[in-house]
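Per Swiss-Prot, GTP binding site is recorded for Leu11, Cys12, Gly13, Lys23, Asp66, Asp97. According to Swiss-Prot, the feature Mg(2+) binding site maps to Asp97, an assignment based on sequence analysis.
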Amino acid sequence: MQLNELNCVILCGGKSSRMGQDKSKLILKNQNLTQFQVEKFSKIFKNVYVSAKEDKFENHFSLIKDSLEFEVYSPMLALYSILSNFKNEFVFVLSVDSPKVGENELLKMLPFLEQNYKIIIAKTPLHKHPLCGFYHSSLAQTCKNFLEKNEQKIGLLFSEIKTKFVEFEDEDAFLNLNFYEEYEKFKSELR
């Protein structure tokens, strides 16, 4: 299996409460963070989609909207909505605010898709990264079951589904832009 045979979905529906503004629209090199991620991953994957509650990008991207079945704002709803759009395949899911994840990290996770796992996510010494990994589309129903019980955390899947945590040493590769200072620092590194 090759990365260019797979689909990628960039999650852009978070509340961005710590950032104080919509992270998906932060500007990097004359484009917003969503464009930055879509452009980068379009060179790697078959298709790149954007997941959000509504189309805040004016049809600029292939959009997967959150399901209206549940009136919540959560990563589990986004994952359910994403996986419901695919059949019998793995999908790479990444939050928009992880701009340093790239092909090297993906290639380290890729071999595990051929093994007997349904979830393959990145793990560093300090954190598991549930919004950086491959999820099999067959998990949509499991996500729905959690939502029906008002369980919103993606981490709940790991105890029920065969999951591979792929170990990475470099915390920096999985940087999340949660605060404005982190965004400013990352922006200055791009110059």
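Backbone N, Cα and C atoms are what each Cβ position is placed from, and that goes for glycine too.
For the binding-site residues Leu11, Cys12, Lys23, the ranking by surrounding Cβ atoms (within 10 Å, all protein chains) places Cys12 first.
Just so you know, of the binding-site residues Asp66, Asp97, the Cβ with the fewest other Cβ atoms around it within 10 Å is the one at Asp66. In sequence order, Ser51, Ala52, Lys53, Asp66, Tyr73, Ala78 are the residues of the chain that are 6 or more apart from Gly13 (GTP binding site) and have a CB within less than 8 Å of its CB. Largest Cα to Cα distance within the recorded GTP binders Leu11, Cys12, Gly13, Lys23, Asp66, Asp97: about 18 Å as a whole number. In this structure, Leu11 (GTP binding site) is part of a beta strand by DSSP.
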